[in-house]
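To keep things clear, I will list the structure first and then write my remarks on it.
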């Protein structure tokens, strides 16, 4: 169990362990209705390429069960549902009710409903039976989790033997000279876009800070392996601005 008195980071701030979950919930409740538009603006649409690359490497097949954790507005779920077909199932899970509603409404509007289920749940204590999913994806959600080790343990528990974990997340730029440019953009431009488009500068300031506080590629690889996943490797995308970690449960 998590120490009730322990502190953790919320962006660059130190907060009580249990307070972070509440604060993150407030951020995503605030950004939910503008989430897709902001993603397009902030990444110049490149996030769609990162997600499609993730799906290409998933090798998900018809009839399989997939968990899209922190699935938010449903980008990965949409693509995964096409892969598993009517005989499979994708569970879109998110801790935030506002984000879950955005994803559900969006996918229903697109006529996608036969093989998608929606669950509100905490990544640290997933409400699924052991060995439930052939593949677990988590796109841009892990950095917002309070106890990442506990969440990864929970993912390992619900992953089937022979199954795969895929974590797509902002990471640490590896190209020389890219990091200062990226930092300048993140802290000077990104919050201003949030203020102009969504009238919410503070939430996007947090998002920039949360990226900087997230473990780098090698640290996250070690964390994933520590809970039992094997053969963990990662792909740096856009010079390491984003990394896709892939690991297996044997």
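Yeah, the Cβs are placed from backbone N, Cα and C, and that goes for glycine too.
Per Swiss-Prot, S-adenosyl-L-methionine binding site is recorded for 73, 94, 122, 123. Sequence-distant contacts of residue 122 (S-adenosyl-L-methionine binding site), defined by Cβ-Cβ distance under 8 angstroms and a gap of at least six in the same chain, are 21, 95.
Following the DSSP three-state reduction, the secondary structure of residue 94 (S-adenosyl-L-methionine binding site) is strand. The binding-site residues considered are 73, 94; of these, 73 has the fewest other C-beta atoms within 10 angstroms of its C-beta. Of all Cβ atoms in the protein chains displayed, 24 besides its own lie within 10 Å of the Cβ of residue 123 (S-adenosyl-L-methionine binding site).
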